[in-house]
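The block underneath contains the structure these notes are about, expressed in structure tokens.
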């Protein structure tokens, strides 16, 4: 249904101007500046800039550190997004049953939304601490079994677990609200026909939930590219070695610690393109999935 | 119900309890450790699930010996202003996009929604440069004009540094325009009769649309408030002094100060709870309203 019934003019311009000025200044300008700088060599303390063509890109693309952190970003996105969504889906399916537990679960399960990655990172650092934390007794029996300070894989796993923890609420809210719009009659009719609960999940609820699942994957991929910064900064500082240096962390250290502004801008451009590519791939995939209500 | 559901319900309840345990256990561990004194913690040699008596003491230490109370106030200011900007600007723009006939609407909608795809943290390096001198685009215009008029003197250079100010920290956080999408869904679902009595656009906006939109407005405001509160990378780089840093940044600075001795874990845990208390209570109390008002399902 069309709702338009006022005609444009000054009022229209005045209404849309604030948000346009805001996003132009603090979003499109930085995005454009990142592209601009990726073609210039910018001197750190305002010493002017010099056009260098594709030299920045060549420098970044020939740097093994860039590729390994991009690969880790990809791995992290895949692991954290899949686990996060799968877990949220299971919980949403359970909460949708309207049992007594689901009332309180709906509340508790979104609490992590209110807790910053950096603060829960501090808690998780302690919990996973090899000498003080939960696994300390295990380490006494099998020395060296668990040490995220030395073992890169352990460190990576702790960040993934923490990211899944922080990512549950949003996925859970979206998936649960999707499940609740599925007409009850469909499920009851299927139950009458003798379809088991698992069968109904597979053949009715999951197919009808495709739009929400798609939405969670898109948002989760965007979020897992940037969200882990707070976790990494408080839990591992990118280490041990550079085993948890995701691209977002590398950009931060290159830009604000090494003052390599052109390099950081170039990597920002590449990370933006990477995120956009991941989202576009998903839009393509979505077109293949047919769903009807 | 049509079938016996005991077994399924039991499975569902188990799943939910396992999920809640996963979510709650780090918080419970933090809470228990926050009640212990540093000496008790060191004596126990790590995690001990015996609550101590020092919770108040640890909180008092946080409140008196660190900058965290001031920084919590910063968090409140930054989170409130970024949420207020987000809601107001998006509400006005969406009103125009939905209820006005204009060929620009599609483009403007696309421009605002594109901000969702690239979060602020991704472009933090260049956002820093923009906020360090917001007058940058004006300088470009001036220089362009100077070139065009071939004036021999140097062009004036404007400086407006917003780093380390509340506005500079809050404004970039407010750019993500998911609200436009949410309000649009909501406006489109309203019955058309609401505007049939021939009221002018501003009258309609204030007297009809605003009261009707209370639910989504409150929900998005709380959601963005919490989002502003928990943001970390941008405040970390843009708030350069401890007096301007939000609480989350202040907490992480506490955690990294001493590398050699056993960290002051009980105090850190108390700090983590201290900076998370307000947003968690807000989310817990308002949970029903938030979920209802966000209305994220496609209909």
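Using N, Cα and C of the backbone, Cβ positions are placed for all residues, glycine too.
Listed in TrEMBL:
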{"type": "TRANSMEM", "residues": "B:12-34", "note": "transmembrane segment"}
{"type": "DOMAIN", "residues": "B:72-286", "note": "domain 'ABC transmembrane type-1'"}
{"type": "TRANSMEM", "residues": "B:76-100", "note": "transmembrane segment"}
{"type": "TRANSMEM", "residues": "B:107-131", "note": "transmembrane segment"}
{"type": "TRANSMEM", "residues": "B:165-183", "note": "transmembrane segment"}
{"type": "TRANSMEM", "residues": "B:204-226", "note": "transmembrane segment"}
{"type": "TRANSMEM", "residues": "B:267-286", "note": "transmembrane segment"}
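Here the listed stretches are B:76-100, B:107-131, B:204-226, B:267-286, and the one with the most C-beta pairs under 8 angstroms to the transmembrane segment (B:12-34) is B:267-286. Long-range contacts of the transmembrane segment (B:76-100) within its own chain (CB-CB distance under 8 A, at least 6 residues past either end) are made by residues 108-109, 112, 166-167, 169-171, 173-174, 176-177, 179-180, 183-184, 187-188, 195, 201, 204-205, 209, 213, 217, 220-222, 224-229, 235, 246, 278. Within the chain carrying the transmembrane segment (B:204-226), a Cβ under 8 angstroms from the stretch's Cβ atoms is held by residues 79-80, 82-84, 86-87, 90-91, 95, 99, 174, 179, 182-183, 186-187, 190, 194-195, 279, 282-283, 286, 289-295, all 6 or more beyond its ends.
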